[in-house]
Each structure stands twice: as structure tokens, then as C-alpha cells.
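Undergrad: Below is a structure I'd like to ask you about.
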């Protein structure tokens with residue numbers, strides 16, 4: 001009877017050990033991580049869904065201007081001396097309108113941004129401040145005309161003298177709010193055939209930074225970001241992650257197209273990555289070397305490269321930052337060759353220096369993007385300036401800290417600078433003596449830091465995983481101990497081990513030795 005019970009005990013212990021091994025090696029971590037990952041999938045019932053539709057906290061949008069301090073000297077051939085003014089800080093609220101769901105685990109939506117000035121965070125700077133910056137639309141118009149019809153540059157410039165008020169040099173003296181959102185008025189009311197041609201061109205094909213005046217006024221308003229404020233963009237189509245959580249957030253189409261058309265090349269036209277608001281969890285066995293985001297404002301995807309692990313807010317994260325290869329010249333990164341476009345002259349292949357990126361094919365204007373202060377760009381660009389342009393990794397880098405368990409961004413910053421060529425043109429009075437070079441207007445920073453409440457939620461999720469890790473080893477250890485006890489019990493009951501009768505554990509060890517001596 002004892003042997004039968006011992007065998008049952010042994011069998012149960014072995015089964016428990018097998019179950020414990022399965023739970024320890026796969027079950028507990030998988031169960032907990034699956035529960036956590038299910039909460040981040042874009043389903044109506046998930047914890048993430050409402051936060052994704054309407055961000056619970058605003059992003060922080062900062063603007064820094066390159067104020068020109070020696071405009072008169074530049075007009076006489078001096079190298080530019082610039083003064084960085086900023087940040088002008090805005091709260092950027094984001095809200096999505098869900099349009100429906102696709103057959104391949106996708107969700108379709110429109111994205112709306114709303115910018116609200118934050119005077120407290122701006123530390124005394126106001127939107128009524130005056131700045132002197134490069135005249136972006138003026139230079140864009142002349143560069144475009146010089147490319148299309150060089151002989152017409154002087155005539156068009158006379159028209160532009162009516163289009164712009166007080167056009168004495170290639171610089172604008174404007175208020176911050178007008179340059180960013182309200183708009184700088186450009187006049188189309190005149191009898192010049194060239195002016196009519198310029199305004200007709202704008203009416204037929206105006207860049208997003210230009211909007212027509214209202215209430216019967218004949219003209220346009222130029223602003224850098226008005227087209228992004230309180231207007232919906234899209235539709236975007238994004239993977240929901242309910243079938244494959246590691247594909248969560250990947251954009252599969254934008255404006256009903258699965259690729260952009262700006263670059264005339266399959267690789268460069270590819271839509272790749274997320275909209276930077278949501279990322280998939282990171283598979284610890286297959287950590288991606290690059291993290292892609294799709295940027296519709298520049299018609300391309302950019303990537304940040306894995307820099308390693310980092311601890312932030314007492315949470316282990318993966319740290320990604322933009323690398324020189326992302327905006328490298330074609331000689332340094334042949335993959336970037338397809339971003340070269342002929343936009344200035346027939347003799348120019350459109351391939352720019354290291355660290356700068358041509359926006360003409362995307363925006364319809366000869367603007368050039370870079371990282372702030374030409375960080376990671378060619379040293380040649382810095383030689384153009386007397387002072388005021390000083391790249392600094394800490395201030396000008398783009399980076400993100402990603403929680404591998406949820407894919408949530410703990411902290412992230414995206415930075416971009418807008419430039420245009422200031423070109424010497426002998427037939428244009430305003431440009432007869434200026435030095436030719438790439439001139440920055442402003443740079444922006446868009447970022448967010450996880451709030452303390454959300455940090456605690458994330459730490460709790462990590463703690464749950466840690467408890468599961470601890471529990472699986474405790475259960476495994478208990479199962480092993482139980483299996484050993486069961487083995488000994490079965491062995492004793494079946495006399496596999498010679499157990500002395502009527503002896504306790506101590507007698508079992510020392511008894512025979514004592515008995516021998518007594519003999």
C-alpha cells in the first residue's frame with residue numbers, strides 16, 4: 001500500500017516538474033508579456049487605443065531662429081554673423097480621426113495637429129518679437145527662375161520688388177508669429193506682367209508654405225508652419241498589431257498610396273516605419289539596428305541607429321540616435337544616391353554635400369534640410385560663417401529611448417533645420433555683392449518626455465515581469481526538491497536502497513559503524 005502511494009507521489013512530482021520546467025522556460029514570461037503586449041495593440045478595448053487617438057500630453061515644439069546681425073555687411077560681401085534666438089515654445093496637441101479598418105490588420109486615420117504658444121516655457125520671448133532672417137520665398141523664387149529661365153531673372157526681380165514690401169536686400173524683418181503661423185503678406189496687386197506671371201504660377205502650383213489671402217485681397221501669405229496647424233493630414237494606414245505585435249505602428253500607405261513619388265526610385269520612394277508616435281515592442285533576440293519613421297513633410301523615411309542600452313527613469317531601454325549615414329552624401333552612403341535631383345542647373349547632378357538634404361522634389365521650392373547648426377554635415381558648410389553656427393551633439397542630435405517590452409517612447413527628440421542658398425547674382429541689385437553659401441533660417445525641435453504617472457505605470461509592468469521571472473524559478477526549485485523527495489520515498493518503499501529497520505536517519509548513517517564496534 002505504501003509503495004502504491006509512493007509511486008503516485010512520484011508520478012505527480014514528475015508531472016509537476018515537467019509543468020514547472022515548461023512554465024519556467026516559456027510559460028510565465030510568455031503569459032505576462034502577452035498580456036502587456038495585448039494592452040498596446042490598437043483595439044478599442046486596449047489601454048493604448050484612447051491614448052493613441054488623443055495624446056494625453058502635448059508634444060513640445062520649439063523653434064530657434066538664426067537672427068542676422070550683420071545684414072549690411074553681408075550685402076557688401078562679408079561672411080554672415082548669426083545669433084540664435086529661442087526657443088519659442090509651443091504645445092503641440094495631436095488628435096486622430098479613425099476612418100476605418102483594413103483587411104490586413106490595419107487602421108486608417110487622419111492626423112490633426114494644434115500648436116499653442118507657451119509663454120512660460122519661452123522664458124520671456126514672445127510671438128511679437130522681431131527677427132531678421134533670410135528671405136526664404138524671395139530666394140526660392142529667384143533660384144527657381146534662374147534654373148528655368150536665367151535670362152528672365154532681372155525682369156522677375158523687378159516684379160518681386162512689388163511682391164515683397166521694402167525689398168532692399170535678401171533678408172526679412174518680421175514678427176515671429178507672422179513668420180511661423182499668421183503669415184507675411186505678399187502683394188499681387190499690380191500692373192506688371194512679370195508680377196502677374198509670378199502670382200499666376202503661385203495660383204497654379206503653390207508650395208504648402210503659401211496660402212491665398214482671403215476677403216478679396218489680391219495676394220498670398222507666407223508662413224513656415226500654418227499648413228500644419230489645425231489642419232488634418234492623411235489619410236495614413238497603419239498596422240494595428242493585433243496579428244503581429246512586432247509590426248505595430250508600421251505605416252503601409254499615405255494618402256492612399258503605398259509609396260511617395262518625389263524621387264523616381266523604388267528605394268527612396270518607399271514608405272517605411274511609423275509616424276513616430278508608436279513603435280512595436282523589441283524582440284530581445286532580434287533587436288533592430290535601425291528604427292524608421294516616415295516624415296511626410298520631407299517625403300521620405302528617416303532612420304535612427306541603435307547606439308546601445310541605457311537606463312532612463314530606472315527603466316532599461318534601447319537608445320537610438322540619428323547617424324551620419326542617414327543624411328550622408330552618395331559617396332559615403334550609395335543608398336542615398338536616388339535622393340539626388342537636378343534642381344539648379346543642367347550641369348549640377350543635384351547631389352549635395354554631406355549632411356544636407358534637398359526638399360525641392362517634395363515641397364516644390366529649393367529648400368535644403370539639415371540637422372541643426374549643420375551637425376553631422378560637411379565642414380565646408382561651416383566655413384561660410386563668421387560666427388553663430390556651432391554644431392553640438394548634445395543640443396542638436398535626434399534620438400529616442402524605447403522600452404523594449406511595450407515599444408513605448410520614454411523620451412524622444414526630433415530636430416530639423418531649414419536652409420536655402422543665398423546666391424550671388426550680378427544682375428540682381430539685392431544680390432550683387434553677397435557671398436554665395438547655404439544659409440539657415442531656423443531649426444525646430446519636436447519632442448516629449450514620459451510623465452511621472454506613466455513612468456510608474458511602465459515600472460509596474462516591468463515589476464510584474466520581474467515577479468514572474470522570480471516565481472518561475474521558485475516553482476522550478478520547489479518541483480525539483482519535491483521530485484527528489486519523491487524519488488527517495490519510492491526508493492525506500494521498493495527497497496532500492498537498503499534501509500535499516502527501526503532506525504532513524506541518524507542510525508541509518510552511523511548505526512552499522514557502531515554495531516561493528518560493539519561486536
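Any Cβ shown, glycine's included, is placed from N, Cα and C.
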Undergrad: Using Swiss-Prot as the reference, determine which range in 449-469, 470-490 is annotated transmembrane segment.
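TA: The range carrying the transmembrane segment annotation in Swiss-Prot is 470-490.
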Undergrad: Give the range, chosen from 8-28, 29-49, that Swiss-Prot lists as transmembrane segment.
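TA: Going through 8-28, 29-49 one by one, Swiss-Prot flags 8-28 as transmembrane segment.
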Undergrad: How many other Cβ atoms are found within 10 Å of the Cβ atom of residue 362 (disulfide bond), counting all protein chains shown?
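TA: If we count other Cβ atoms within 10 Å of residue 362 (disulfide bond), we arrive at 23.
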Undergrad: Which of 67, 229, 272 (the glycosylation sites) has the most other Cβ atoms within 10 Å?
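TA: When each Cβ's neighbours within 10 Å are tallied, 67 tops the list.
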Undergrad: Name the one residue among 166, 229, 338, 362 whose Cα is closest in three-dimensional space to that of residue 351 (disulfide bond); these are the recorded positions.
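TA: Among 166, 229, 338, 362, 338.
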Undergrad: Where does residue 338 (disulfide bond) sit in the DSSP three-state scheme?
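TA: Helix, per DSSP.
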Undergrad: Near residue 166 (N-linked glycosylation site), which residues of its own chain have a C-beta under 8 A away, given they sit six or more steps off in sequence?
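TA: When sequence neighbours closer than 6 are ignored, residue 166 (N-linked glycosylation site) has 173 within Cβ distance under 8 Å.
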Undergrad: Cα-Cα, whole number of Å: residue 338 (disulfide bond) versus residue 44 (N-linked glycosylation site)?
TA: 41
Undergrad: When the pLDDT values for the topological domain 'Cytoplasmic' (1-7) are averaged, what is the result?
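TA: Looking only at the topological domain 'Cytoplasmic' (1-7), pLDDT averages out to 51.
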Undergrad: Can you tell which of the disulfide-bonded residues (268, 299, 340, 351) has the fewest other C-beta atoms within 10 angstroms of its C-beta?
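TA: If we count Cβ atoms within 10 Å for the disulfide-bonded residues 268, 299, 340, 351, the smallest count is at 351.
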